[in-house]
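Each remark here refers to the structure printed beneath this line.
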Amino acid sequence: MTTKELYTKDARVWVEHPVKVWEGATVTSDYRSGVLIVKIDQTGEIRQIKIKDENQMPPLRNPSLLIGENDLTSLSYLHEPAVLHNLKVRFCDRNAIYTYCGIVLVAINPYYDLPIYGDETIMMYRGQAMGDLDPHIFAVSEEAYTKLERERRDQSIIVSGESGAGKTVSAKYAMRYFAAVGGNASETQVERKVLASSPIMESIGNAKTTRNDNSSRFGKFIEIHFDELYRISGASMRTYLLEKSRVVYQSAGERNYHIFYQLCAAAVNMPELQLDHQDSFQYLNQGGSPNIDGVDDLRAFNETRNALTTLGVSETEQANMFTVLATVLHLGNVQLYDCDPDAEPNEDGADGAHISSNDKHLQTVCSLLGISRAELGRWLTHRRIASAHEVIVSRMDVQRAAFARDALAKRMYGELFAWLVRAVNRALDTGHAKKHFIGVLDIYGFETFEINSFEQFCINYANEKLQQQFNSHVFKLEQDEYIKEEISWKMIDFYDNQPCIDLIEERLGVLALLDEECRVPQGSDAGFVAKLHQNCTKYPHFMKPRFGNAAFIIKHFADNVEYQCGGFLEKNRDTVSEEQLECIKSATSCRLIHTMFAEDRPLDHTSTATLPPPSRRRTTPSLNIGSLTQPPRRASGQKQTVGAQFRASLSALMCTLSATTPHYVRCIKPNDTKQPFSFDPARAVHQLRYRLLCLHKDVDRTNIKATCGKILKKHLKDPDKYQFGATKIFFRAGQVAYLEKIRAEIQRLYCVRVQSCVRRFVARRRYLRLLSALRGLQAHARGFLARRRVQEVRRNRAAIKIQRNVRGWLARRKYQRVRRLAIGLQAHARGYLARRLYRDRRRVLAVITIQRYARGYLARKRVKKMKRQIVIAQATIRRFLARRQYKRLRIEARSLDHVKSLNKGLENKIISLQQRLGDAVERAKCIEPLQAQIVDLKAKLEALKLVEIEAKALRVGIQERDSLIASLENELTSERDSNKRLVEEKNEVENKYNKHKDTWLQESNKLAEELKTSKECYEMAIEAKVLKVSSSAHYSPH
């Protein structure tokens, strides 16, 4: 139909609106050349629209009957306002968040928990074809799982959309569906681990942004593995695009990663980490929004720990993980000064960055990791520059030192993130066979901000590659199939973004020039831009900005984006001080550090790029790229750049997706205020244009037109009988009735065929039922007869077995009774004989013992009597000899002349006494063991308690010895008295001779000394004699 025929009076159209984007209107009069008059439905305003070109005509509205369809391909008009209005009606009026768009599922974030994800819903969609039930993420998951079973080909679900659109939730529910339908009747350990990985990754990879309270700041591709029976056998995860810069910087109204706030909330339970309130840390208080409504960080921390335990992360590894996180927070609080804070006021310190010697946070970092404080403090403020001939260590300024400190913190967090991903993969790897997999890709959507940098370039580059894959799957393959089959149809002029990808990837493309400038020693961002302007102007998708030479523009599939080149080289190089890394690797208190920075492991993520100076920091998210797979290592000294690694990771992702059958989920964020079921048309249409949903409808609309053409060509041979319009078919008179007649005849024909088939089916089913029943009766009868015969045989065998067992039991009982009696009689007889023999032997032993004791007693009595008599005789003789010697000594002592001879005799006696004293000492030493023996013998005598007579005899002997000792003591006393008198007499003689000559005096003194010596020797001899007598008196009886 012509434009005039379509835009007649009362035609319903869409007109543009500055806020609503599109609003409904009605044509008030037929279209005239260049002018269309419409009436706005809501306000009644009459508006005159000037039309310069018929392609600028307002889009036509769909009939009311089609409004709210669950598949956008069912709409008559598939332009932007029709799609936008249909989504709005379903979302706001019907609370339906899912809508099909051909093979694409459109999901709108409701910002509200809907009860549509329970186990009942999962079972409802199990086994249903896509389109049988309302659109749902479970329907897409079921479609992927069914194709996996039917086609035995790996599947993938690609979830895309901007931050806050609900990508993570959609991916989580898809994994939950696979865990439910791919597991056993009850949830197994594998499914629990798959589901437990979500809270872990959310805690370390999600953060609060201005658009989303739980925004994923990384992308992930999860492969759920299935065995040959299509049951879950494990899973694996690959991550990329981690926003490491969020660790050190957050914009206003945003938070750092959830795990830091959870750790601070649980600081009371971990005092060894020395954590304070979250607001006291520089890395946590920049956004000014530390809390999230309805979220308890302490409870979330406990859930994270439980999930880590479920995945097999030990308590020691968890403690080390929290130590690394606390180290990052304390590292951010290390204060840098432009002068030495410990120097005297008048002292000139070295220029550059300094750290106070009293910095408690630096001390905490070193104590937590077990590293040298001096070493870490030095390399936080110094850097090493290696030239061809020497190595220079210079002090950095405060700004550069802050960059280096932040780069170290980001690197530590990135390595911890990579280690945790590997731990999750180890837990999800069951070691079972992996026949097939379903991959779930959760990726950033296209981004364009007021200021775009290297991070947005990488994100948009990834979206270009994914859009190319989408185009290849949806548009190119379908159009190529039509051309191959020689089907006449209108070629859709869709956007092919291969030229844009060539601009980025080719030899003189953006990435190649960026890497080339990074390899230049004096490379700069300005030099990079100059190379772009010199080599890339030949690409149609490259543009120079109107003003300034510090940016470039790329025409992406969604929009033209201007990238500011400040910091491109620095982020692409992604350098961290090797000295700082070596210092961190020397940690002794945290073993996890060595695992994180192991050089021989595959790298899961690239290093963290250093942020630009604070003056150049952007308010837009700043991402640092991680890789899906490890690209080939380069030679030593040729570190691969972030852009090269990311390009390799995207190529690996595209290879994986190309080997699968993709299923698409496009998430839409309805508003920026997070209000439930609130629809902002401007935000929604912006995302729809980026997602190319409207363009996708042209393929399905062309399919409808081609199908109608085939039907008409078959039944109306004359092409002049009908004609296709833009959206309608026009027939000549009678053709519609003719078609209705053909349709009725075909209906009657097929009704007869259907009835015939049904009757045949019913009769066959009745016959098969009768045949089955007859066979069943025969089988039951034969079984009954066979079972009865078997029972009779069993009863006969049982009776025989019972009789045999009874006879055996009676015989065994009789034999056991006789055997017990015989054994009892034998035992009694043997016992009687043994007891009698024992009594006889005991009597004989008693007689012998009595005789032995009697003989011993008589012999000891005789020996004691003889010893006593001998002692008495010896004492009498010694007393006689002592008295005689005493008399002789008295006589000799009276003469002065005899003193000299006495002295000589005393000397001889002293010598003899000394010899006797030595002999006595030796005998005493020999006597000591005898004394020990005596004590032992006395103990034995007391223990045996001998006969009372022997005891009395011993007491008598002891009394006699005591009397002998007393008499000897009296004799010793008399001897001492006599000696004393002799000494007195000697003194008198000395007084008489004092008057003589000097010679006599000298002789007298000499004699006095000799006399004194003799006296001492004599006393010693007397004491030795007493000891000898005493010892002989004690031991002589034995």
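Backbone N, Cα and C define each Cβ position, glycine as well.
Since we're looking at a predicted model, the values are computed, not measured.
Listed in TrEMBL for this protein:
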type	residues	note
DOMAIN	8-59	domain 'Myosin N-terminal SH3-like'
DOMAIN	67-690	domain 'Myosin motor'
BINDING	GLY161, GLU162, SER163, GLY164, ALA165, GLY166, LYS167, THR168	ATP binding site
REGION	603-641	region 'Disordered'
REGION	650-672	region 'Actin-binding'
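Features as recorded by TrEMBL, highlighted on the structure.
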{"residue": "GLU162", "record": "ATP binding site", "Cβ contacts under 8 Å, 6 or more apart": "ARG211, TYR444, GLY445, PHE446, GLU447, CYS667, LYS669, GLN687"}
{"residue": "GLY164", "record": "ATP binding site", "Cβ contacts under 8 Å, 6 or more apart": "ASN109, THR209, ARG211, ASN212, SER215, LYS669, LYS674"}
{"residue": "ALA165", "record": "ATP binding site", "Cβ contacts under 8 Å, 6 or more apart": "ALA107, ASN109, GLY445, CYS667, ILE668, LYS669, GLN687"}
{"residue": "GLY166", "record": "ATP binding site", "Cβ contacts under 8 Å, 6 or more apart": "ALA107, ILE108, ASN109, CYS667, LYS669"}
{"residue": "LYS167", "record": "ATP binding site", "Cβ contacts under 8 Å, 6 or more apart": "VAL159, SER160, GLY161, SER216, ASP442, ILE443, GLY445, CYS667"}
{"residue": "THR168", "record": "ATP binding site", "Cβ contacts under 8 Å, 6 or more apart": "GLU202, ASN206, ASN214, SER216, ASP442"}
Original post:
Quick one: DSSP breakdown of the region 'Actin-binding' (650-672) into helix, strand and coil?
Top reply: 9 helix, 8 strand, 6 coil
**OP:** Across the whole of the region 'Actin-binding' (650-672), what does the mean pLDDT come to? Round it, please.
**Re:** 91
Original post:
Fewest neighbouring Cβ atoms within 10 Å: which of the binding-site residues GLY161, SER163?
Top reply: SER163
Subject >> Residues within 8 Å of the GLY161, GLU162, SER163, GLY164, ALA165, GLY166, LYS167, THR168 Cβ centre (excluding the ATP site residues themselves) >> reply: ASN109, ASN212, SER215, SER216, GLY445, CYS667, LYS669
Original post:
Secondary structure at LYS167 (ATP binding site) (DSSP, helix/strand/coil)?
Top reply: helix
